[in-house]
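Participant: Here it is, the structure, as structure tokens.
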Amino acid sequence: MKEEKEHRPKEKRVTLLTPAGATGSGGGTSGDSSKGEDKQDRNKEKKEALSKVVIRRLPPTLTKEQLQEHLQPMPEHDYFEFFSNDTSLYPHMYARAYINFKNQEDIILFRDRFDGYVFLDNKGQEYPAIVEFAPFQKAAKKKTKKRDTKVGTIDDDPEYRKFLESYATDNEKMTSTPETLLEEIEAKNRELIAKKTTPLLSFLKNKQRMREEKREERRRREIERKRQREEERRKWKEEEKRKRKDIEKLKKIDRIPERDKLKDEPKIKVHRFLLQAVNQKNLLKKPEKGDEKELDKREKAKKLDKENLSDERASGQSCTLPKRSDSELKDEKPKRPEDESGRDYREREREYERDQERILRERERLKRQEEERRRQKERYEKEKTFKRKEEEMKKEKDTLRDKGKKAESTESIGSSEKTEKKEEVVKRDRIRNKDRPAMQLYQPGARSRNRLCPPDDSTKSGDSAAERKQESGISHRKEGGEE
């Protein structure tokens, strides 16, 4: 790579620096250009020479001073930077150091000395170091800090002078009483609180205010509704009282002509009976032309009498009742909405009564359902117990039948048992429970009889026992068949 870099610019420079018509001077210029290129190549080689070294894999607890002690004696260098461990790179928490040497020979000696050198930490763990060229060969420049022009000029600053003046006045105020100071502090706090207004706080305050206004409106409406209801009830009651009074007055007025009528009632009754009898006779008879005209005249006269009576009653009522003034009539006209409010109140009462009736019906229906469920449960339990009893009866019958069958089987085995009993009587051994047959009947005093009686009598007794068993089995069968 170095040879290519050396040859390429030479060829270019030669072609460019050969002007036409200048032969002798061209040789001198070519020699100067070759010298300049050699200097540039040397500078490039110096720049390309690696001088910055990094020491990696150092213990995480190692400090800069401890590392410098280990590296003594240090060769000539112009840059030394130490970086402690980084906890974010766990578990690879190692320290490292960068050194820029002035001489290339010192780099080789340093590498031979510290590459693979084992460092120990506080806990005695070993950390073999690695020495190699740094990937970034440039060194950080040390910035020369310029002196600030404002250093030592605070006494001349006008703001500082104002501060000193205000500070002196504050000291004078401190001599005042604590009450005045508290008042001043409270006033300042109030001003600060009043000034602290953000859009969020204003929004929340407005929201709270709107809620309070809505609540007040609701309360006011409820109060008005209650007042209106009370007024409607009061008016309705007053109207009812007034109507009752009017009805009572009318009844009193009607009673006066009724008393007068009571005196003439017997005559009227006689006339009525006579009229009924005459009417019946007339109905039986065929009406003639003259009679029909007379009947029409009588009916017309009756109608006129009835109309006259109704007019007299109306006139009597109007005379008896006091005349109302125009103001009262005007007051009565706007009473229509009051009547409507009374009707609404009555309708509400009717709806409430209907709701109560519906609730009572639902409760009765639920009670009936519960009673039906309880009855069904009782029926189910009764049926269950009845079925259980039937099953028990069937089981008892089956057991009785099984006993009868087993008795028959014992009769067939009886002959074989006779021979065994004879041998047992001869031996006169005690019979144990395990040696007894499964279906042998209990015979009290059988052992004493066997000892006293000869073997022939024992056989007879065995035959009689077998006959008894047969008879008992037959009787059981008969009972089972009858059942």
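Cβ atoms are placed via backbone N, Cα and C, with glycine included.
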Participant: Here are some residues: ARG13, ARG255, ARG447. Which is flagged as omega-N-methylarginine in Swiss-Prot?
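Facilitator: Checked Swiss-Prot: the omega-N-methylarginine annotation sits on ARG447.
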Participant: Quick check on the record annotations: which of THR177, THR198 is tagged phosphothreonine by Swiss-Prot?
Facilitator: THR198
Participant: Among THR169, THR197, which is the one flagged in Swiss-Prot as phosphothreonine?
Facilitator: THR169
Participant: If Swiss-Prot marks one of SER310, SER315, SER409, SER461 as phosphoserine, which residue does it mark?
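Facilitator: Annotation hit in Swiss-Prot: SER310.
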Participant: Over all shown protein chains, what is the count of other CB atoms within 10 A of the CB belonging to THR198 (phosphothreonine)?
Facilitator: 8
Participant: Can you tell me whether DSSP puts THR198 (phosphothreonine) in helix, strand or coil?
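Facilitator: SS state of THR198 (phosphothreonine) = coil.
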Participant: Cα of THR198 (phosphothreonine) to Cα of THR169 (phosphothreonine): how many Å, rounded?
Facilitator: 34
